[in-house]
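Some notes on the structure that comes next.
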């Protein structure tokens, strides 16, 4: 049975165009082709990434946070209460929304013999305990900013002298019999190790409101990279990676500066990031790269399963781009017309005095006050 599954999984018509077989992609005459077995190197690379990240955050990002006086807010600890603690853990496990907790306050008051106000304050403090501190956010953003910067620089160095960087039709010249270059191998390994490390670190990374979309993005990215590696879609794969990394540098850099309270510089960088994001993700990616994978291959070979699969995965990424474009547009609006406070994808910390309605409008109230202050010349 395993042999049957293996034969079906590696059926040539799934991965390769018609009249091309795996034997055609065996190393010969100085040509070296990508092999599926090389993908196993992504796991040890991911573990190395986690180690490098740990060292970076501890010995570089944390001291930098001290220099910029980035400190966590002092948080009040929720009083021990087994009933509320069990209920709170159940909410976390089931990923229930805050409204579910609010609906059960009356029942919890009866079980604990606490007044409603005390139960609400307990939940606010307990939720704050689960939220990552400012220093953790700073360290995480610093690591991503540094990675995206070096990955993008490496990608440009690996691509700038290649003909397909300037003429996308060259991506498919001689496909799939295209020899793999050492620079492409290390670029893929670097990116796959990074995104694999993000999946491995999900449990202790900052969890944002778009957590599910982030997971889908990482899985789609790894699936695309793996498939493009096996099917020798490496040229277009490197272009897709470079386009994505370019804007992410500015996003993480803006977060770092915002946490350091360099708000004007952070806002300026965020504005530049927004325009670069819209250009690369909503213009270049769909109208250049997806067009390159959807139209140009048909001039070289007949469509096959891999052709459709690869393009569908690119469309999944494009849908995520539209989703994030909406979030980014909202943040840009705050950045220009009021004051950008952190990241719209993150939950704001709650004060004991916050009511449910106050919490929902806390961010807009702060931003509005900041805008009014500047309008009045303060």
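Cβ atoms here come from the backbone N, Cα and C positions, even for glycine.
Features reported for this protein in TrEMBL:
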- 39-56: transmembrane segment (TRANSMEM)
- 71-133: domain 'Homeobox' (DOMAIN)
- 73-134: DNA-binding region (DNA_BIND)
- 136-337: domain 'TLC' (DOMAIN)
- 141-160: transmembrane segment (TRANSMEM)
- 185-204: transmembrane segment (TRANSMEM)
- 268-288: transmembrane segment (TRANSMEM)
- 308-329: transmembrane segment (TRANSMEM)
- 343-378: region 'Disordered' (REGION)
- 346-355: compositional bias 'Acidic residues' (COMPBIAS)
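Looking just at the domain 'Homeobox' (71-133), the mean pLDDT is 73. Below 8 A, the CB atoms of the transmembrane segment (185-204) and the transmembrane segment (141-160) form 3+ pairs separated by six or more positions in the chain.
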